[in-house]
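Straight from TrEMBL, the features:
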BINDING   322, 335, 336, 337, 338, 339, 511, 512, 513  FAD binding site
COMPBIAS  28-46  compositional bias 'Polar residues'
COMPBIAS  618-636  compositional bias 'Low complexity'
COMPBIAS  641-650  compositional bias 'Gly residues'
COMPBIAS  652-667  compositional bias 'Basic and acidic residues'
REGION    28-57  region 'Disordered'
REGION    417-447  region 'Disordered'
REGION    617-681  region 'Disordered'
SITE      432  site 'Electron transfer via tryptophanyl radical'
SITE      498  site 'Electron transfer via tryptophanyl radical'
SITE      521  site 'Electron transfer via tryptophanyl radical'
Ligand SMILES: Cc1cc2nc3c(=O)[nH]c(=O)nc-3n(C[C@H](O)[C@H](O)[C@H](O)COP(=O)(O)OP(=O)(O)OC[C@H]3O[C@@H](n4cnc5c(N)ncnc54)[C@H](O)[C@@H]3O)c2cc1C
């Protein structure tokens with residue numbers, strides 16, 4: 001009796017590392033169900049789809065599923081998987097301009113954990129499923145697998161074929177090139193290639209309000225308005241498979257010289273090996289962990305941890321209070337911290353939506369929390385608003401492609417599209433400083449490199465910037481509020497090419513996402529989707545607004561912890577002293593007595609800050625009550641790009657200003673900027 005010839009489906013995973021709400025795993029499980037159909041139809045709950053409009057009937061012929069996660073050599077340094085690292089056939093995975101690693105220690109750990117979690121989940125299905133891990137270029141890995149099966153008889157005398165190669169789509173240019181290469185290889189080997197919509201975004205691609213991505217509006221607000229009410233938009237989630245096709249009997253080993261460790265610990269070690277050779281990442285003074293401060297992002301990677309985080313946010317009421325807390329900078333729950341899970345595809349945006357929907361309708365976790373069963377609230381609405389920003393950035397990547405990585409981004413497109421709308425001033429093309437070539441007379445790339453080095457090691461002399469960059473280096477995370485300031489500082493105050501900052505963030509961020517990172521950098525640098533290009537954050541005013549008691553700066557710049565920020569106003573009452581706060585925000589403003597007391601006299605970043613930002617306090621009362629918690633006391637004031645729940649892009653941009661050294665003092669209700677003086681060292 002001749003046995004059925006195995007027909008393998010090869011599934012190449014990238015940023016879709018989850019079992020739930022995964023269109024490919026769902027489709028495979030659906031085939032199994034269809035085969036046993038009639039007997040036991042799959043049960044679904046009301047939140048789940050059992051249809052998959054993109055399922056492929058030809059795929060019913062698959063007998064085995066081979067899921068393979070590839071650590072891509074162009075983005076992740078893979079020489080740690082080779083016994084003698086100099087034998088790696090790939091160039092080092094470093095960025096183009098700054099030459100830093102493309103994936104840093106925090107994200108490496110997070111990715112490894114996510115991959116391992118999926119491996120455990122697949123093996124736990126008890127149906128012979130599992131996950132293979134490889135390192136190399138995606139093209140090489142796929143080629144190797146296809147060739148191995150086409151020349152091997154599978155070790156048992158029976159010819160085995162890869163009948164299909166599937167993957168989900170991704171918008172980055174490199175990712176698109178990988179898709180093209182895999183498609184070509186599949187064709188050469190006679191395997192069906194299928195590129196699936198990943199479905200991890202808030203709005204499904206099939207429901208976009210335009211036919212082609214080139215019709216995407218250049219301004220976020222226009223896009224959002226075309227989709228409101230946002231709560232009605234997401235599709236249902238796909239059911240989580242309980243059974244999949246088994247792995248093939250024979251699986252090609254990783255191609256020499258690569259070896260894949262068999263434990264999570266081993267995997268992490270291999271990934272970290274090349275980076276561990278210089279844990280300072282060339283910084284002569286790398287940030288050191290201060291005592292008594294914890295990371296705001298202690299989460300393990302993976303689908304399990306992602307689902308736990310969503311439940312936690314709902315059951316603690318953090319989704320509901322999100323709008324009020326989202327501009328915080330210290331602590332675990334001021335914002336969702338779901339970005340890294342979303343970036344790696346450990347979680348989908350619509351899973352977050354439906355979990356919030358359950359809460360809003362009084363189902364599942366969160367009973368007893370305010371707002372339970374009471375419909376959408378400002379917090380859950382603001383989370384949806386932000387999730388749509390993520391979608392938007394990704395669509396921009398689809399629309400603008402390589403321009404998202406170009407020095408002048410989409411400045412020309414924005415000027416053209418907003419010309420007649422009244423709020424766009426066409427700005428001349430800015431001359432950025434770079435670390436590799438001079439932009440003209442007086443511009444010294446060596447000096448720019450020194451400036452960049454001080455910026456990334458958290459030694460600029462501007463408290464908010466330094467706290468954020470030290471936090472980022474040590475933990476892989478920093479808040480959205482801080483990111484905007486740090487990016488604005490590099491690009492507008494230091495005039496450094498924004499792409500160098502974007503590369504540093506790509507290296508450091510746990511939640512790095514190609515579209516969100518480059519899109520946001522481009523936006524803040526004034527060459528992206530901001531209809532009012534050329535705005536600048538004042539990091540002193542921002543610190544005043546969002547770190548009014550200096551807790552964030554003191555947490556990450558421990559040299560300043562001993563600074564007393566209050567003064568006695570009689571009857572034993574202490575009040576925050578604005579002048580002392582100014583010394584915390586920029587230590588050069590401290591008296592010699594204070595500097596000596598803190599032991600920071602003659603320290604470079606104190607005495608010679610990269611820039612002096614003049615800032616005076618007006619007559620009005622800044623928020624200086626004694627509310628000693630971690631939340632900014634004046635949230636919701638002056639939101640621009642960072643505002644939540646409808647604030648973004650509308651109203652007057654109170655925290656933004658054009659750099660103008662001759663700006664006059666304008667006394668108003670709050671602190672006002674007098675002038676900003678550039679003092680490059
Ligand atoms: C210079 C700069 C670089 C950035 N780089 C990245 C990046 O590489 N990856 C990334 O996911 N986000 C990036 N952001 C956006 C934003 O800062 C992070 O998404 C957010 O801080 C992550 O924390 P959270 O999950 O607690 O966000 P929350 O405030 O809880 O927001 C909920 C979710 O909405 C999405 N979101 C929120 N704000 C934005 C935004 N401005 N753009 C796109 N999506 C958003 C994220 O998926 C986030 O998880 C960047 C912002 C700036 C200013």
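Here the Cβ of each residue, glycine as well, is placed from N, Cα and C on the backbone.
Shown here: features listed in TrEMBL, placed on the structure.
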residue : record                                            : CB count, 10 Å
322     : FAD binding site                                  : 26
336     : FAD binding site                                  : 20
338     : FAD binding site                                  : 23
432     : site 'Electron transfer via tryptophanyl radical' : 20
498     : site 'Electron transfer via tryptophanyl radical' : 26
511     : FAD binding site                                  : 21
513     : FAD binding site                                  : 23
521     : site 'Electron transfer via tryptophanyl radical' : 27
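For ligand 1, the recorded positions lying close by, meaning a CB under 6 A from one of its atoms, are 336, 338, 521; the full candidate list was 336, 338, 432, 498, 521. The closest partner of residue 432 (site 'Electron transfer via tryptophanyl radical') among the binding-site residues, by CA position, is 513; the full candidate set was 322, 338, 513. Here the CA atom of residue 521 (site 'Electron transfer via tryptophanyl radical') lies 24 Å from the CA atom of residue 322 (FAD binding site). The separation of residue 498 (site 'Electron transfer via tryptophanyl radical') from residue 338 (FAD binding site), Cα to Cα, is 25 Å.
In the three-state DSSP scheme, residue 521 (site 'Electron transfer via tryptophanyl radical') is classed as helix. Distance between Cα atoms for residue 513 (FAD binding site) and residue 521 (site 'Electron transfer via tryptophanyl radical'): 12 Å, as a whole number.
The recorded positions near residue 498 (site 'Electron transfer via tryptophanyl radical'), taking a 10 angstroms Cα-Cα threshold over the set 336, 511, 521, are 521.
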